[in-house]
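If you check TrEMBL, you get these features:
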- 359-368: compositional bias 'Low complexity' (COMPBIAS)
- 81-168: domain 'Fibronectin type-III' (DOMAIN)
- 169-254: domain 'Fibronectin type-III' (DOMAIN)
- 258-365: domain 'Fibronectin type-III' (DOMAIN)
- 236-255: region 'Disordered' (REGION)
- 348-370: region 'Disordered' (REGION)
- 553-591: region 'Disordered' (REGION)
- 697-723: region 'Disordered' (REGION)
- 600-626: transmembrane segment (TRANSMEM)
Amino acid sequence: MLSYSCGLFDWSRCYRVTYSSHFVDRSHTLYHSERTCCEGYSMNGDQCSPICNDCPDSHLCLAPNACVCPEWSPTDDCSEPPQNITLTATGSDELEISWVPLLHGATLYFVIFEGETHYVDPTSSLHMAFESLTPYTSYNCCVAANTTSGPTRLGCATRTTLQSVPEDAPQELLVATLNSTAISVQWEPPLTPNGIIIFYTVYINDCPVLNVSNHSCLLDGFSPYEVVNVSVSASTKIGEGPQSEQRSETTHETVPGPVEKLEVTALSDEVLHVSWDPPVTPNGVLTGYHVVVTNLIDSTKIIYEIPPRVHEWNISVGIGPYIRYEVTVRASTSVGIGDSVHRFIYSREGAPHSPPPSTTTTRSSATTGSVEWDEMSWEDLRGWLVSYEIGYQSVRSGQCPPSDSITNDTVSVDQEMFEVTGLDPGLQYCVWVAGRTSPGVGPFSYTLIPWYTSSEFMVALEKANCTEWIAKDQVKILKDLARDISRGIELFCSCSFPSEYVGDGKLACEKQTLIYSGRIVSTSDRNSTDLLKDLIKWASGAPTVIANGEELKIVGNKSQPTKEPPKAPTNGEEEPSKEPPRVVPIVTDTPQESSNPALLVGPAVGGVALLAIVLLVAVIIGAILYHRQKKKSSIVFSSTSTDRQAGCTLTSTSPLAKLYEEPIGAKCVREKEPLPELPNMHENLYESLKETDDPALDETGLHNSLYEDITGTDGGEESEDLM
């Protein structure tokens, strides 16, 4: 066996080695090697040296018959080497060396490359190309010359060939399963990369899925028990090398997916037939099927273990009338039992004997509502549900079911919710629901759809012959008033507020005053509290409305929403001014919304002012100077209403008196409750009487006197707390 090792500029490697062996016995074999120098070399000790004829001792025998001056030789002995020696990479496997000719005629050029000496005639060429080199490998090339005056020194250059695609694939590819969905992959670089590896490409089943710069990766997202074929390639900037051989690995097993197409039929009163298809994702090797039949009346169960190749089974259960069974089927692997699939089967059907449970209603807007209910149980249905029957009708006084005959048609639906549209904003509705099976309809459940969020209001208008007038056409009057109220609100809310949202209207007369009360219903973009404030703003300007062809003026343009009473001064704060309070309305909200101030204009201002003047004249004569006896006002409060904040009781005889329920509640336990204002009257009376010398007739005294006359209380005792 021969082994050649003639290397570049390494004389010790320029040899041939002959190996031989000799069998001695079963336990011993003799090996022998003989080293022979390459052609042009001779053995020098244990090394091979090049042979140069006529080479001076000061010169270097670089290669056979290549006698040159070494680079360290003195300039006196050897001349300079060829200039501008350039080694250029012209490809991934090609180099080219060139130089500038010597000025003093060279007779021969020596080019030494990879242990070989090449002779170049100076008259023919000053460059040389080398091919079939290894890509991305560093090479050294030297040039020297013989001149008429002797050899030159050696000039050398080093260059690396250009990169190429890797010659071979990554080595030692290892693939390992981590769990039922993930694997790990490791590898080593190619033996001959032919450049700098910039990334590796991982292939799954011959499809590239990932580029990585290191030598390993984790891959996830596989199906359980899936066979994964992995290969890897390396890439330089030039391109991609060959792929490695594929390595196959199978992910771990897990529990199987659900069975497919489960069907249960009753063959008789005692036998069920169950059939199914295997899981689409077995996730392993199926070991069998687990079938459970449950009687939902007494919860007894029958369990069967079915072989993996059997996909149907007859089960004896002893079915009775109206009995419901649940059949569950699950597949299994060596890891465990998978997801279940269940079906229900019933015996003979009947009409439902109970209404749908947990029926609830909501009013999502003024004109829409909905009714929802829970799914009916099979015990109540006694058969397969075909539909639900639904009806609804407007009712008075919250009576549900309606006392009159039901005229609405029922509506069939196949869900547990129904939306009712086109409702009147000012009415309540009764809705009823029943289940239907093939034999018939069951009993209905009746539920009331409540009011939508709303606030009550009361407005006073000037109207002579009020009672006779409203008796003529009350429906037309209410419609016209609702129309103008909605228009007035629209002036301040910058919104659309149809008159249908002013409902539950009522009319009452108090002498020359018309009391109009009703309900403001919230719209989809503005609640009733804000709408009520808009109504107050509009009415504070004492506008005129038109009802049944007549103009009516809203009385009391200073009405405002109720304000919080002033707090007592603390820590040196200034005491708030004790201005007389303004007349405010009483507001009663529906249960869905907290109380809001309602517009109420103080009617009959002239009558109250006249009454107060008469009383003050009596005071001037002497009543206030001698005693502050509690008096009863000529306004008698006989009916009872309860102050919701303070728990006090007030009495009144008419709708007009209700205007003053809140401010007259002076005995309610409140801090600094303000006195009622009699618009324009207090100011005028004080101006006409302030010139008197009686100290009791200053502004505070006058205010207290008015308070006594209206409320029947001692103003000196109470007004101090209320101011």
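Keep in mind that glycine also has a Cβ here, set from the backbone N, Cα and C atoms.
Unlike curated entries, TrEMBL annotations are predicted automatically.
In terms of DSSP secondary structure, the region 'Disordered' (348-370) contains 0 helix, 5 strand, 18 coil. A mean pLDDT of 89 is what the model gives for the domain 'Fibronectin type-III' (81-168). For the region 'Disordered' (236-255), same-chain residues at least 6 beyond its ends with a Cβ under 8 Å from one of its own Cβ atoms are 92, 163-171, 173-177, 179-183, 187, 190, 193-198, 201, 203, 206, 222-230, 283-285, 332-339. Per DSSP, the secondary structure of the region 'Disordered' (236-255) breaks down as 0 helix, 5 strand, 15 coil. Across the domain 'Fibronectin type-III' (81-168), DSSP classifies residues as 0 helix, 53 strand, 35 coil.
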